[in-house]
Amino acid sequence: QKPKLLYCSNGGYFLRIFPDGKVDGTRDRSDPYIQLQFYAESVGEVYIKSLETGQYLAMDSDGQLYASQSPSEECLFLERLEENNYNTYKSKVHADKDWFVGIKKNGKTKPGSRTHFGQKAILFLPLPVSSD
């Protein structure tokens, strides 16, 4: 599996995972913290791991995104290809609440509790790391 970038259609940000556990979006394609590895747990279920830090994208019980040192149930996301060819990533452990990974127009992460289907903030395009 080649590493990928997660490009958000809302403002053109790449999802970034910092070593300190913070998650946000950046428009800098050369940022080392935006390279992500996807691991399929089962069909449509993925772990998203930072290549640089080795941490996993996770969503806590308040809907906040953070980076986890090890893969837990909070790190499992339901990956779905939508009609517009963008993907959405819904927290599996909070699936009954419909909480999605999202980035706001200012590049900050959107709490899962504030996301809902149809928002641009939750639409992501997995892109290859190299632009060539």
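Just so you know, glycine gets a Cβ as well, placed from its N, Cα and C.
Just so it is clear, the model here is predicted, and its values are computed rather than measured.
The annotation heparin binding site is assigned in Swiss-Prot to Asn10, Lys108, Thr109, Lys110, Pro111, Gly112, Ser113, Arg114, Thr115, His116, Phe117, Gly118, Gln119, Lys120. Thr109 (heparin binding site) falls within a strand when secondary structure is assigned with DSSP. Note: Thr109 (heparin binding site) has non-local neighbours Val23, Asp24, Gly25, Gln64, Leu65, Val101, Gly102, Ile103, i.e. same-chain residues 6+ apart with C-beta under 8 A of its own C-beta.
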Got a sec? Which of these binding-site residues, Asn10, Ser113, Thr115, Gln119, has the most Cβ atoms within 10 Å?
-> Thr115
Out of these binding-site residues, Pro111, Phe117, which one has the fewest other C-beta atoms within 10 Å of its own C-beta?
-> Phe117
